[in-house]
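Chemist: Look at TrEMBL and you will find HIS117 tagged as active site, pros-phosphohistidine intermediate. Residues annotated as ATP binding site in TrEMBL: LYS10, PHE58, ARG86, THR92, ARG104, ASN114. Sequence annotations record features per position, and here TrEMBL assigns domain 'Nucleoside diphosphate kinase-like' to 2-136.
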Amino acid sequence: MSERTLVLVKPDGVSRGLVGEVISRIERKGLTLAALELRSVERAVAEQHYAEHDGKPFFESLLEFITSGKVAAIVAEGENAIAAFRQLAGGTHPVEKATPGTIRGDFGLEVQYNLVHGSDSPESAEREIKIWFPAL
Ligand code: IDP
């Protein structure tokens, strides 16, 4: 079933010049781009996006990080897009969980600076796409 997922290249990925790499992997997988924008992140948007983590010990640090520079916000579309991008991204911790060959496994070292975000369910994807691309 064709679906949409919200992908973010986080500020570490943007500052390291990995936007093209991430887009290339999305396209090579067979997903298509439905929306793409390089933008600064207001705190309110970051709080909404990461609302499920409110109260966790890393919440404040995560908000500071995600608002520290530009992000590339992307909507990728295709068969099983949500699971497909999670597979491309790899596990949350770039060393302990992500395997080589994935974006996090190939380029990351630390759990906070794990380069990309991808929606984890159809409900999250719908909620997140509304936050980042209200007009879609
Ligand atoms: P996900 O991005 O793989 O779905 P989540 O558990 O939803 O992982 O966590 C959201 C983001 O919060 C992670 O991508 C990572 O940047 C950050 N994060 C998760 N766990 C930790 C932690 O223990 N310390 C610092 N940052 C964390």
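Every residue, even glycine, has its Cβ placed from backbone N, Cα and C.
What's the neighbourhood like for these features in this structure?
Modeler: Other C-beta atoms found within 10 angstroms of the C-beta of HIS117 (active site, pros-phosphohistidine intermediate) number 22, with every protein chain shown included. In the three-state DSSP reading, HIS117 (active site, pros-phosphohistidine intermediate) counts as strand.
The Cβ of ARG104 (ATP binding site) lies under 8 Å from the Cβ of ALA89, GLY90, GLY91, THR92, HIS93, PRO94, LYS97, ALA98, ASN114, LEU115, VAL116, each of these being in the same chain and 6 or more residues away along the sequence.
DSSP states for the domain 'Nucleoside diphosphate kinase-like' (2-136), grouped as helix (H, G, I), strand (E, B) and coil, give 59 helix, 30 strand, 46 coil.
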Chemist: Quiz question: given the binding-site residues PHE58, ARG86, THR92, ASN114, which has the greatest number of C-beta atoms lying within 10 angstroms of its own C-beta?
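Modeler: Buried the deepest by this measure is ASN114.
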Chemist: Around ligand 1, within a Cβ distance of under 6 Å, which of the binding-site residues LYS10, PHE58, ARG86, THR92, ARG104, ASN114 show up?
Modeler: PHE58, THR92, ASN114
